[in-house]
Amino acid sequence: MSHYEGDLRTPESARFAILASRWNARITDTLVAGARQSLAGNGIAEANIDVIRVPGAWELPLVAARLAAAHEHAAILTLGCVIRGDTRHYEHVADRCAEGLMRVQLDFGVPVLNGVLAVERAEDAEARAGGSHGNKGEEVALAALEMVNLLEQLP
């Protein structure tokens, strides 16, 4: 019986894309900083990290697909923040974004990590962007490193 499990060791030459929305920039900027810090802290050179900004979460799957199709990145980290408002727009954006990101990951075989916060209130986002619940950008970066390592091991 074989056992496979990823860890944080990744080839130094591996490139990572951090794809982040500008909407709710106060939150997403903190998520990006956390992801960059986490990658760098695990040996990924700044030159091997590309940061791409899009208008909002809705645009993340399209740009993730373009990046995945180019096969230049070992993983794509997506970061955004959707806060519930008074309309159903929140559900449409959050759900379709998550579905689109999953489709990109499955279609291209490239890890696409979903770090899009879908929260009720701005305070909930702040708690997940360096507040009491940590930094989701850091968590997504660690998951990306682990997935790259795991996929390298699999037959």
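Cβ atoms are placed via backbone N, Cα and C, with glycine included.
Feature annotations, reproduced from Swiss-Prot:
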type	residues	note
BINDING	TRP23, ALA57, TRP58, GLU59, CYS81, VAL82, ILE83, ASN114	5-amino-6-(D-ribitylamino)uracil binding site
BINDING	ASP86, THR87, ARG128	(2S)-2-hydroxy-3-oxobutyl phosphate binding site
ACT_SITE	HIS89	active site, proton donor
Recorded 5-amino-6-(D-ribitylamino)uracil site residues TRP23, ALA57, TRP58, GLU59, CYS81, VAL82, ILE83, ASN114, farthest C-alpha pair in Å: 16
CB contacts for ALA57 (5-amino-6-(D-ribitylamino)uracil binding site) [other CB atoms within 10 A, all chains]: 27
Neighbouring C-beta atoms (10 Å sphere around the C-beta of ARG128 ((2S)-2-hydroxy-3-oxobutyl phosphate binding site)): 21
Structural state of CYS81 (5-amino-6-(D-ribitylamino)uracil binding site), classified by DSSP into three states: strand
Length of the line joining the Cα atoms of TRP23 (5-amino-6-(D-ribitylamino)uracil binding site) and the residue listed as 'active site, proton donor', in Å: 14
Mapped DSSP class for HIS89 (active site, proton donor), helix or strand or coil: helix
Rounded Cα-Cα span from the residue listed as 'active site, proton donor' to GLU59 (5-amino-6-(D-ribitylamino)uracil binding site), Å: 15
Of TRP58, GLU59, ILE83, HIS89, ASN114 (the recorded positions), the residue whose Cβ has the fewest other Cβ atoms within 10 Å: HIS89
